Amino acid sequence: SSNNICLLIYAVVLARLKFTKNPANLTVTQGNMARLGCAIEGLSEPEIVWMKDGEKLYSTDQMYITLEAHHWETFHSVKSVQQQDAGKYWCEVEYYGTVISSEPAWITVEGVPHFTKEPEDVATFPGAPFNLTCAAVGPPEPVEVLWWLGGVQEGDFRPSPSVLFVRGNSPLKKFNYNRNRLLLPDSPTHVNIDQVAHNVTVMWRPGFTGHSDLSTCTIQVLPGRKVKLPELQVTVPPFQHTIDGLNSHTNYSVRIRCDNEVGSSPFSPWIEFETPEAVPAAAPKNFTFELTEQQLSLKWAALEEEELNGRLLAYKVQWNLGGESQVQCHSPPGGETVVSFTAARSFNRQCPELPESTLDSLGINDELKAKLRDVLIPERLLTLGHMLGKGEFGSVREAFLKTEDGSVQKVAVKVLKTDINSSSDIEQCLKEAAYMKDFHHPNVIQLIGVSLHRRPQQRLPIPMVILPFMKHGDLHTFLLMSRLGDDPFTLSLQMLVQFMLDVARGMEYLSSKNIIHRDLAARNCMLNESMTVCVADFGLSKKIYSGDYYRQGSVSKLPVKWIALESLADNVYTTQSDVWAFGVTMWEIMARGQTPYPGVENSEIYEYLIKGERLKQPPDCPDDIYEIMHSCWSPVPKCRPSFQHLIAQLESLWAGLSPAPAKEPLLYVNLEGEEGEPDSGLGAGAGSVTTEDYGNIVFIVILLLPPSCNFLYSCVWCVPSV
């Protein structure tokens, strides 16, 4: 009605950043493989760093996998665990100066106990007593020894070293001995929470006791995993304990470890629970007002977190007008405690539309502009989705392109980083697009178009290169997933050779057009829906795997483990240097995505190669395939085979392979995650609010929104007139 004005308020709250998966404790036998994983939700471009005992880990085998939009998972692998790998591991993400850490996990390394002294034959007089000695060591310690006399166990386990006293009247016997060890107990299992009001009862089952009775268990309770509460040490059995004095409406996490005479077990995984809400413990304090000719402002102090006892829904503001009680519910974004009543007036706030960018605004040369004019796509036809990959120089995003017939095509968009603002950086990106414009080959990725993203208060737009969407992602990650993924799968030798053939054919096509790739590697080859490999990234290929690149002095970062010897020495790139990189790519394929030259640092590669060293033959790699890749690494460029010759060799080799046995279709890993949702486009100052001038009291809240906010909910208030 005319006596009421309804105002729609959109409350926007910053998405909560949290680790959805934490690394798990591992107990590994020395020499075996260990693999830790963690996942974080809430950021579109996380830089997840692995830490060990407070030190940053550098691993070229670290994988990033998109689970869904703003949800990423990464893994850290140790191929052959040694004693020095034992320790505390966790993940970290830095967000605008704030470091968020996952829960830590411990890798415990166990060896096989072995004898340091064995019993020896004894020559003695009849009836004379004698001793037999046996000693063994771990890890871990302590180790116990068990003696056997004539096939019958002699007593219980004894600490090492052990001396067995044999009486002189014992008949002639053969003594055997065995060794066992007291171990650390395993983590407790089946942790359950029984919640009542402001206390909880924690119940659990003990794990393997390590050949020793458990004496105590330690319970850790963390509110929101931010502030560590004192540890609770309880005597066991029974394996349960009640925790009192918890706050209302609070997220807690609990974990347990148990102790025997050797030491402590690893902690159990975190179990999360939430206590129920309660009514606020106090009324707002420090209530003040400020009155002017046009406005009445009411202010009060926000309740402390512990006084809320739950989630703040609204403040109720009550006043008398003409003898009648008036009530208004004020739901403040971010806990704001100010309400203003002012004379009504028209209010319209709207962001002006940015003008569409053109090639003329980029500052690039006329020849490049002419090449790109017929592939320029208006930004309004492009809707960006979630992140597929990222790196030092840019990112790759899923996107949806509206075509002329009104249909929508799923594409991949390569976006230059927003902090790269020079015309030369932009020109380098667009040169790659210009190269791709004329490519027409099944093993070379084809350009769909180029778009320009205009930015407020910025002179230069951001170029976006639009490419076909590749369902199976890049070849390097696909190979890694076949070996290290949650569900590893087998790749036949025929399929691996077919991958090599696809890359060789694509490179032969590029070399025929006098194109030097300069950055051929498995990470820069893409797999389409039919499992065909397409060569990609002719110049901006540093986009995702920045860890594979090495900067020497002021020189740009270079993928040194793929670069030919003469390129490292003289910065000279030819088709023959691309052949060298193809040989390394063949090695990557046969090694299922392993990083080349394991154990050799980027800074040591040149000295390593100049001594005549080359990549070693991967396991399960046939000799004839290794001979082909090794021929690509000749120190004399002219002695390396051409791509045409490599294709002939690989085709002959592929034809000689026996067909793979029939089996169920291979379930390939889809690296794209769930279908991405286009960006909402919500940003600071977006939208508008308009009210008619009815001469009424109007409650107006203006929200200044950071660009990273997500739309959460909306509310409607009705304010009666005076």
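Note: Cβ is positioned from N, Cα and C throughout, glycine not excepted.
Per TrEMBL, these features apply:
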- 17-108: domain 'Ig-like' (DOMAIN)
- 113-147: domain 'Ig-like' (DOMAIN)
- 184-278: domain 'Fibronectin type-III' (DOMAIN)
- 382-653: domain 'Protein kinase' (DOMAIN)
- Lys414, Arg523: ATP binding site (BINDING)
- Asp519: active site, proton acceptor (ACT_SITE)
- Asn524, Asp537: Mg(2+) binding site (BINDING)
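Cβ neighbour count for Asn524 (Mg(2+) binding site): 27 (other Cβ atoms within 10 Å of its Cβ, all protein chains included). Within 10 Å of the C-beta of Lys414 (ATP binding site) there are 24 other C-beta atoms, taking all protein chains into account. The listed stretches are 17-108, 113-147, 184-278; of these, 17-108 has the most Cβ pairs under 8 Å to the domain 'Protein kinase' (382-653).
The CA atom of Arg523 (ATP binding site) is located 9 Å away from the CA atom of Asp537 (Mg(2+) binding site). Of the recorded residues, Asp537 (Mg(2+) binding site) and the residue listed as 'active site, proton acceptor' place their C-alpha atoms 8 Å from one another.
Counting every protein chain shown, the number of other Cβ atoms lying within 10 Å of the Cβ of Asp537 (Mg(2+) binding site) is 25. For the recorded positions listed here (Asp519, Arg523), the lowest count of other CB atoms within 10 A around the CB belongs to Asp519.
The residue listed as 'active site, proton acceptor' sits 17 Å from Lys414 (ATP binding site), taking the C-alpha atoms as the reference points.
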